[in-house]
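A short write-up of the structure that comes next.
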Amino acid sequence: MSFLKEYDNEIFELCEKELERQTNHLEMIASENFTLPAVMEAMGSVFTNKYAEGYPNKRYYGGCEYADGVEQLAIERACELFGCKYANVQPHSGSQANAAVYAGLLKAGDKLLGMDLSHGGHLTHGSKPSFSGQNYSSFTYGVELDGRMDYDKIMEIAKAVKPKIIVCGASAYAREIDFKKFREIADEVGAIMFADIAHVAGLVAAGEHPSPFPHAHVVTTTTHKTLAGPRGGMIMTNDEDIAKKMNSAIFPGLQGGPLVHVIAAKAVGFKYNLSPEWKEYAKQVKTNARILGEVMMSRGYDVVSGGTDNHLILVSFVGREISGKDADAALENAGITINKNTVPGETRSPFVTSGIRIGSAALTSRGMKDKEFTFIANKIADVLDDINNTKLQETIKEELKALAQNFIIYNQSTY
Ligand code: PLP
């Protein structure tokens, strides 16, 4: 960091402030995590200088012998981790990975069936403002008022729509996804089954959530959420023909040179995901989310679906005066970062919402366990119980800052 301080103090100071924010606030956005210093070191490595268009041993540039080694290791580790035959580790993001799945397997205008954004799906699952809703003819399924998917209903929708591809996987769904059922639905209507496991991938890797393999034809994930690796995406499959299509869709279809430094960091992340400690981490992530749900319910809050099977909970304020937007702002003032979220039976706009999404992955990476999560969940309820009490928010912010100081994850020398 001393190079940066010396060369560009403005950016250095912003890094310092961000480190302070990440240290003193409680990060509970369900899609965020803290990665290892070793992952950050790989991301800042000399591979940032290297062009390596193509794939290992089939490059369009010279000098790729070490880049090949990096990408090969990342692929091997990814396949071992998820128990699949083929992996493309080049997507710059989860959205790029999803774009490649569609580009490789669909034609413009083909029918796509995915989870509605307002029910917990992702923009790239067919939402109209996204390429997925613009380039393809998109249809949606959702969750019931109890916050769970009804697979019989999804079957009926699929039969009526007859999509070319069915997307399963979500950004805000607290229950296990039944990939076997999705494959049955896909088979019934002759569709490709595509599982986007961006949110639960870290749990899948640890055996703490059912795997999309062997059911899905193609699987994507991000590497930075519950997997706790660098920001990026990945595509996996057991089908050689699909694997070839994915490779062409990523390069030269959608991307140019891969980010070799990020691929190196992905490989380091996968090494962590393959370790025995990872299993312990993933178990604790689930325990911590369960505690959040239990405490919120014991404090009178409506937790969508009555709890969680994964790393997140959704709290619904439907029928209450408080909105997701109000809760988000009040919790931020108290030093807790979450996000507002639409919930079943939603009556407010997506900019206001009637719910919040709270995740456990990032604070679990800081080493927080049952005791800390019970304490934090009660503080969240205290803030929500008296949402306009800014004095209370200030007091809680100080208490949580003191707690956070016992769980320091980075110091200056490691970023
Ligand atoms: N898929 C799902 C289910 C997600 O939740 C997200 C991000 O939140 C993505 C894909 C997109 O990932 P990225 O932000 O890396 O494009």
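Cβ from N, Cα, C; glycine included.
The structure displayed is predicted, hence computed values, not measured ones.
What TrEMBL annotates here:
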type	residues	note
DOMAIN	4-378	domain 'Serine hydroxymethyltransferase-like'
BINDING	LEU117, GLY121, HIS122, LEU123, GLU240, SER349, PRO350, PHE351	(6S)-5,6,7,8-tetrahydrofolate binding site
SITE	HIS224	site 'Plays an important role in substrate specificity'
MOD_RES	LYS225	N6-(pyridoxal phosphate)lysine
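Sequence features, as recorded in TrEMBL, placed on the structure.
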residue : record                                                  : Cβ within 10 Å
LEU117  : (6S)-5,6,7,8-tetrahydrofolate binding site              : 24
GLY121  : (6S)-5,6,7,8-tetrahydrofolate binding site              : 26
HIS122  : (6S)-5,6,7,8-tetrahydrofolate binding site              : 24
LEU123  : (6S)-5,6,7,8-tetrahydrofolate binding site              : 16
HIS224  : site 'Plays an important role in substrate specificity' : 24
LYS225  : N6-(pyridoxal phosphate)lysine                          : 26
GLU240  : (6S)-5,6,7,8-tetrahydrofolate binding site              : 10
SER349  : (6S)-5,6,7,8-tetrahydrofolate binding site              : 10
PRO350  : (6S)-5,6,7,8-tetrahydrofolate binding site              : 12
PHE351  : (6S)-5,6,7,8-tetrahydrofolate binding site              : 9
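Reduced to three states, the DSSP call for PRO350 ((6S)-5,6,7,8-tetrahydrofolate binding site) is coil. By the rule that a residue counts when its Cβ sits under 6 Å from some atom of ligand 1, the recorded positions HIS122, LYS225, GLU240 yield HIS122.
Taking CA atoms as the reference points, SER349 ((6S)-5,6,7,8-tetrahydrofolate binding site) and the residue listed as 'N6-(pyridoxal phosphate)lysine' are 26 Å apart. Here LYS225 (N6-(pyridoxal phosphate)lysine) is positioned 16 angstrom away from LEU123 ((6S)-5,6,7,8-tetrahydrofolate binding site), judged by their C-alpha atoms.
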